[in-house]
């Protein structure tokens, strides 16, 4: 058998790198396999890649060095001249400064005002001046009222009368003790009348039905 297998002719597949029977059926079946087709595709890709590299090398050799230098300088000049566009931010309006207590000028004494120039003007807030005036008017009115004792008495009397008028609707009425025994007598008379009426009432008994009569008669018969 070994001699027989050795006698069969074989060929070497350079794509798959294996030996195959040199018969038309065996060769056709091997070429139709996925492994053989994938190996052929890889070889063709390598050939195509090597051809592209060779073409690039030929182009680089054909271009002179002076041309490459000029292109490089042109590119560098373009990059140097390029500047990023500046962003234009919107202009912000300056905020108005609010007036504070530190900005107000306080008036000084007569000795200090002599040295200050005539153009300098002092400013006092109007609210403080008004409050001081109101306090002064209150003090004057209180002093006047204390000096006139008669007026204060009249005023107190008027206030008391007004309070009495306002509390007129809420006065408590006094109880009359004379009416209390009369109410007790009336209640006693009513209770007596109710007792008499209960005594005079006639009580009507309900008639028994036929079944109840028979039951009661049977009970009486058994007892006898």
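Glycine is no exception: its Cβ is also placed from the backbone N, Cα and C atoms.
Residues or ranges marked as compositional bias 'Low complexity' in Swiss-Prot: 67-80 (among others).
A Cβ distance under 8 Å defines the sequence-distant neighbours of the compositional bias 'Basic residues' (87-98), meaning residues of its chain 6+ beyond its ends; there are none. Annotated compositional bias 'Basic residues' per Swiss-Prot: 87-98 (among others), in sequence order.
The feature compositional bias 'Low complexity' is assigned by Swiss-Prot to 108-122 (among others).
The compositional bias 'Basic and acidic residues' feature in Swiss-Prot is assigned to 175-199.
Annotated compositional bias 'Basic residues' per Swiss-Prot: 203-216 (among others), in sequence order.
Look at Swiss-Prot and you will find 67-158 (among others) tagged as region 'Disordered'.
According to Swiss-Prot, the region 'Disordered' annotation covers 172-224 (among others).
The average pLDDT for the zinc finger (11-42) in the predicted structure is 90. The zinc finger annotation in Swiss-Prot covers 11-42, and the record cites sequence analysis as its basis.
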